[in-house]
Amino acid sequence: MGRKDSVWSLGEGQAPEELDKPIDTPPLSILLIEKPQSGTVAVGGDITFVAKVEAKDLLRKPTIKWFKGKWMDLASKTGKHLQLKETFDRFTKIHTFEMHIIKAKENYAGNYRCEVTYKDKFDSCSFDLEVKETEQGSQNIDIRSAFKRREPKQQDDTPEVDVWEILKNARPDEYEKIAFMYGITDLRGLLRRMKKIPKEEKKSEAFAKKLEPAYQVDKGGKIRLVVDLADPTVELKWYKNGQEIRPTPKYIFEHKGTQRIMVINNCTVNDDAAYSVAAGDEKCSTELFVKELPIKIVKGIEPVKTTVNERIELECEVSEEGAQVKWMKNGVEVPTGVRSRYRVKCEGTKHYLVIDDASREDTGTYSIMATGGTSEAHIQVDLKPLKIYQDLQDMTVLLGQPLKLHCEIYPGNVPGRWYRNGQLIQPNDRLNIIHRNKVHRLEIETTSLHDAGDYTFVPEGYSQSLSAKIHIIDPPRVHLDSLNFPDNTVTIVAGNKLRLEIPISGEPAPRVVWMKGERVILESGHRVRAETYGDQTSLTIEVTEREDSGNYKIVLQNEAGEATASVKIKVVDIPDPPEAPLVPVVGGDWCSMSWEPPKYDGGSPILGYFVERKKKQSSRWMRLNFDLIKETTFEPKKMIEGVPYEVRIFAVNAIGVSKPSEPSKAFIPLAVTSEPTMLVVDDITDNTVTVKWRPPETIGAAGLDGYLVEYCIEGSESSSNQLRPPQTELTEKTKYTITGLTPGCKILVRVKAINAAGASAPRTLQHSILVKEVIEPPKIRVPRHLKQTYTRRVGEAVNLVVPFLGKPRPKVMWLKDGKPIEPSHVSIRNTDCDSIIFIRKAERSHSGKYEMTVQVENHMDTAIIDIQIVDLPGPPQCVTIEDVWGGNVALVWTPPKDNGNAPITGYTIQKADKKTMEWYTCIEHYHRTCITITELVVGNEYFFRIFSENMCGLSETATQTKKSALIVKEGLQLKMPEYNDHDFKEAPKFTQPLINTFAIAGYNTTLNCSVRANPRPKVIWMKNKIVIVDDPRYRMFSNQGVCTLEIRKPSPYDGGLYTCKAINDLGEAQVDCKLEVKGQ
C-alpha cells in the first residue's frame, strides 16, 4: 500500500503517451527578458530558477506568481524547503525574481509555471523540474507538509490507501478527480511511472483495442478517436461527458474493418471533455485536451507623419478572425469609449485605429498587442506654418480708460489664447475677446491697475506668440473706507498683536511713510514697524501697550502725486483692580460691603463687578454672582455664623476681568440672639421688684454675654426707657431685682439678651407692676426622700436642702429633739427660698428628730426630719459552748451591747483548730443567737468566734469562746491535763516594709508589705497622709499578715507617698514608700 502524497498541483491531465512529445515554442515574451529554464536535481539537492523583467517602461514593480501544475500558488508554501526572493538593480533597471528549492525530494518533480503581470500586460513561462532518485529508491514524500511552517505533529489515524491501484483501475477522465481527492501533487510524474510499469492487460470480450487514456489537439485542429472491436457486429455508442454523441458535420463516424473511428473537426475549448465508447456491456473512456494557439500578428502597423486636423488610420492584420487585441499609446491602453477621440474597428482579421481630427497631442508610439506578439509604429503630428500680418503694439493707458489690443495672423481658423503676465485671460463682463477670421482682439472697457502688464497672444498649436506691454498710470490713494472703522479709529486690546493693513493704490507703486506725531516709523523697528508691499501698507505692533494709543499719519508719494490719511489707534485693557472693599455691617449669615471704582477703567467703561469670598483659613475663593453687579455695594448671604470670612472684588469692562482687589479685613458673621422667653415677676417688695426669665431659644455662634434689664415708671415720659442701675454692667443670671423703687408706683420692665452682635429684641411684661409687697403664707416643701428616716453612716457628710415658700422672707428656726441646734456641731444656712442643713462628718450623736419652723408674721409652718447616723455594731456580749457530742458543738451567745444605731441583721460564726488557729467561716448572715456546728473532725480541738452584722456590715471584732471544744471518739473518756495558756498578744510589727516603686501609666501596680500582730490588726492605707476610703481605683487585700494595695491603671497624678498603718489594742505601726508613675 502506498501512502497518501501531499498536493502541489493537478498537472495538465495529458495521456502518458503524449508526455514525452515536444511542446510548441511559445510566442515571444513581452515582459520577461530571461525565463526560468527546466532543470534536474538529485534528491536532497538545491536548485534555483531565475526570471528577469526589464523595468524601463514600467512605472511600478510588476507582480509575479509561481505555480506548480495548474492551480497551486507556491507563495503560500514558502518555508524550510521553498524560498522566493526579489531584487532590483537601479543601474540596469532590471527586476530579478528567484525561486529556491532546498533539499529537493522525489515528489517535487513536475511542471512549474511563472506568471508576470503589469497593469494590462501579461506574460508567463512553463518549465519542468526532474528529481533523480537515489540508489536506495524513491519514497513518497509529503511536499506540502514540507513547505508548511513547523507545527506540532499530530497522529494521523487515516488508513493508508493504495493510490497506484486506484489509478491503474480508473478511467483517464477520473485522473484529476482522484489526484485532488488523495492529494497527489505530481500527476504527470505518476502517469509517467504508470507508463513504465508493465501492464497486465485484461482481455476484453468486446474490444480488441481500447481508446488511449488521453488525447491532445490544438484549437481548430482535427482529432481521431479509434477503437478496434473484437466483434464487428456489436452496436457501438459514443458519449461526451456522459451525453450520447449524434453524427453531425463536427462529429463524423467512420468504419474500417473492425475499427470504429470518431473524427472531431475544428476543435474548440468546448471539446475539452471526457469521451467514452460503449460496446454492449463493456465501456472504455478517454480524455481530450484542447490546446489554444497564440494569436500572431501577420501584418504590423506602419509609421505615420502628418499635420494637425488631418485623419490618421492605423491598420494591422492578425492570424485569426475575432481575435482580441489591445491598442496602446506610449505603453498605455488607448481609451475607446463613446466620447473618445479614438475609434477602433475590425474587419475579419484586420484591425484599425482611427483618429479623425489629429492634434499635436496624438504624437507618440502606438502599438497593438496580441497573445502571440506585438507591433508598434511612431506617429508624428506637426503644426501648419504660421504667418503674422499685424503684431501687437505697446500702449500706455490712463486708469479707467478703455484698452484695445489687435493682431492679425494666418491661417485664420486657428484659435488662440490671451495671457497677462503669464496668466490665462478669461472673458467676462468687463473684458471681451473677439476672433473673426484672421483678426484677434482683446477689449477692456475700463482699465484698472490689474490690467497693466505683459500681454501675450498664443495661437493654439504653435510655438510662436505675439506680445505687447501695457502701462497704467494712477495717482496714489489711501482706501480707509474699506476698513469699516468708525471715525477711522482702531481699537485693540493691550498685550495683543496689532497688524493694521490698509489698502493703497497708485501706479507706479507709491512710497509710503508712517508717522506718529513727528516720529517716523521705520520698517526695521523691533516692536513697532511699518511695511509696504503690493497694494497695501501695514502697521505692526507686536505687543500693544497703553502708550501706543494716538493718531498715526500715512503719507503716499509717487510721480503722479501725493496723498495723506490718518488713523487713530486706541489701546484698551482690562481695568485696574479696585481698592480693598469695606464691610461696615455684619449679620448672622450676611454682611454689607461697599467699594470704590478702579482708578483706571482700561479705556473702556466699567460694565460691572464680580464678588468673591472665602474663609480666612482657606485658599479657595468662591464667586458669589454670575451676573455683573452694576452698583458698588453688595450683600453676600448664606455664610456660616461664627466663621471668619474675607471678600474681594473684580472689575469688568468690555475687554475682560481685572485682577482681584486686595481682600477685605476679616469679619465674622454674628447674629443677635432671639428675645428672652417667659419673662415673669418673681417677687415684689415695697421698694424692689424681682423678675426672672428663661434664656433665648436661639443663641447663635456669638454666644450670650448677658442680659440688660430696663424699666420705666408708667406715665413718666422723662424717665422712659431708663436703664436699670448700674448701666455699665450686664447680668449673667436669668433673675434680677430692681431696687430703689418708690412704694406704690407702677413700672414697666423689659429684658434684652446681649452678645457680640448686639442686643436682641426686648421681651416686655404685658402689664405694669405695682410696687407693693404681698404677704404669702409660708409653706415647707419637704422633699420625698426626707419624708422617711434619712440614714447615713458615721463619717459621711449630711447635706439636706429643704425648700419653702413665703413672702416677705420667712424666718426659719431649727430644733433637735426639742432643743436648739448647736452651730458648732451642725451648720445651717438659710436663703429666701430654702434652708440647708450641713454636717461635714456625721457622728452617732447627730441622730435624732430635727424640727424646721418657717414663720411669716403670724403665719407658721412646721416639718420634722428624722436623721439616723449608723455605725458598725459591737461584737456579741458572751459566747459559750453549751454541749459537745460526736462531731457536733452547740453554741449560745447574747446580742451585742452596741447595735451601731441600727438593727442587727445577722451573725457570722467562724471556727479555728487550736493547733493552727486559722479561722474558717462556718455560716454567714445567721439570725438566731444559738447554733449547732456539725461535721467537726474527731481528735481536733476547736475555738469559735462570732461577728455581729447590721446594715453597715460586720462588727470590727468578734467574741471568742473562752474554752475549746475537743471532739473525741464516742465511748472513750480522755481526761485532758490542764495547761496555762500562753499569751500570744503583741503589738503590730512590720516584718517586711514597703519598697519605693516605679510604675508605668496605664498598667496596674501593687504595693506589698507584711505585718505581725495579735489580735489581728486593722490595716489602713494612706496617700500623702490622707486615708484612702471607697476609691474604686484602689483595691486592698490582707491575707496571713501580707498586706497588698492594688492601684488600677495609675496616672502620673497617682504618684506620691503611700503609707500602710496597722492598729490593734496593744499599739500601732506604719511603713512608708514612694511611688513614681512614668508616662508611656
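Heads up, the Cβ atoms here are built off N, Cα and C, so glycines get one too.
The annotation region 'Disordered' is assigned in TrEMBL to 1-20. According to TrEMBL, the feature domain 'Ig-like' maps to 26-130, 294-380, 385-467, 476-570, 778-866, 988-1076. According to TrEMBL, the feature domain 'Fibronectin type-III' maps to 577-671, 675-774, 875-971.
The residues of the domain 'Fibronectin type-III' (875-971), classed with DSSP into helix (H, G, I), strand (E, B) and coil, number 0 helix, 51 strand, 46 coil. Counting Cβ pairs closer than 8 Å to the domain 'Ig-like' (385-467), the top stretch among 476-570, 675-774, 778-866, 988-1076 is 476-570. Scored by C-beta pairs under 8 angstroms, the domain 'Ig-like' (26-130) has its highest count with 294-380, from the stretches 294-380, 476-570, 675-774, 778-866. For the domain 'Ig-like' (26-130), the model gives a mean pLDDT of 84. DSSP assignment over the domain 'Ig-like' (778-866) gives 6 helix, 52 strand, 31 coil.
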